[in-house]
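Copied over from TrEMBL, here are the features:
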- 170, 172, 173, 174: ATP binding site (BINDING)
- 159-287: domain 'AAA+ ATPase' (DOMAIN)
- 370-439: domain 'Chromosomal replication initiator DnaA C-terminal' (DOMAIN)
- 1-89: region 'Domain I, interacts with DnaA modulators' (REGION)
- 126-342: region 'Domain III, AAA+ region' (REGION)
- 343-462: region 'Domain IV, binds dsDNA' (REGION)
Ligand SMILES: Nc1ncnc2c1ncn2[C@@H]1O[C@H](COP(=O)(O)OP(=O)(O)OP(=O)(O)O)[C@@H](O)[C@H]1O
């Protein structure tokens, strides 16, 4: 296979394919996953493409390889196959400087900072023993965050820096951070890990200022191998703490120490944060946790039910997964309540007792949103006529918003697929199912689309 000196015609075709991927998947997905692809060989329709890490290869194979194949086949008549290989030396040379930090080769020197002072463990908040990878249920909405967290925990070097996890309340950010800490403590006990909330970071900093021992404060943080700060939105707007955090962050990243951050919004949406800070936070891997799907909620309930060792009829679990959509914390709370009640009164858990015990929670979770409201908001947002929600037109400009509305109807109401289909011009339930899948797929590959959908959801839930 010819590995170098690809002819200019082929290079132009490859550039076109990359351009298409970029416009189809959006800037963020492109920068994170597709830009690192380098065409290294071509032989009679067989393409060889190099990526710098195994993680990227697996992700590309899973999410983009079909489209990549289609695009290459569209460019080259004799197209036969595409092979993706890992070659760390093949990170695109011209892009080195502008690449996300996690794609750049890790500097060899990691021992320039002094060894951790005795106080490093004091600042770290206690870890919840239940928050491990083993206890984390993975679904579509959290698979990227999970994979990235695992990668950080298992890697001996720094795969991406920082890892920025974000998502709504109670969706598992803290759980994943603790899981990283537990894993590192077990597998690499020599590495010093600090985990704390941004609030606690702020408190420690202010205390150090008051006691005039900011040097010791700085030392504590700057001498760790892995620093994890939870709920970083709390330091936005607090200028001096933000400044200190920024210095600490930079010092650690420059020394190739791992930083993991969580927040309720993406770096670009965090308010009250300085621009340089915002941009630096987004340099590594930004992984969002979406609201849960029904399948994930059911999986979590089954898992948790087993842990509790309680006999809970599957119907009850399905009922809860349908009804409690707010977040995982509330879902767990509901399960604990019905199990506690059953134990106290010495009677088995049934659908009736569940409804009785949880009537307040169920009422709060009852869907107020109607399908009509969803259709109206979505039509407004995409600037199409509301009648297009029922129309038979298939042009993408109307079909996509319609699919988004179907998806939201499934997420935000307790209507069945056939019922939803009927409200969209008498469509079949398989059409609704297809729409839901399509939107989920697009959400995982196109961050701006995903943000649009989240925005609509928030507006409808408000
Ligand atoms: N995928 C999951 N599998 C199992 N448990 C989960 C999952 N996601 C969340 N949980 C559980 O839900 C609860 C809330 O999660 P967690 O505290 O990590 O949320 P969070 O995103 O950090 O929320 P907050 O924004 O309030 O800090 C925890 O008990 C956690 O174990």
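Note: Cβ is positioned from N, Cα and C throughout, glycine not excepted.
Fair warning: this is a prediction, and the values are worked out from it, not measured in the lab.
Feature annotations (TrEMBL) mapped to structure.
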| residue | record | Cβ neighbours (10 Å) |
| --- | --- | --- |
| 170 | ATP binding site | 17 |
| 172 | ATP binding site | 27 |
| 173 | ATP binding site | 26 |
| 174 | ATP binding site | 21 |
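Counting residue by residue with DSSP, the domain 'Chromosomal replication initiator DnaA C-terminal' (370-439) contains 51 helix, 0 strand, 19 coil. Within 8 Å of the centroid defined by the CB atoms of 170, 172, 173, 174, the record's ATP site, lie the Cβ atoms of 167, 169, 171, 175, 176, 262, 289, 328, 329, excluding the listed residues themselves. When secondary structure is read from DSSP and collapsed to three states, residue 172 (ATP binding site) falls in the coil class. Residue counts for the domain 'AAA+ ATPase' (159-287) under DSSP (helix as H, G, I; strand as E, B; rest coil) come to 67 helix, 24 strand, 38 coil. Over the region 'Domain I, interacts with DnaA modulators' (1-89), the average per-residue pLDDT in this prediction is 80.
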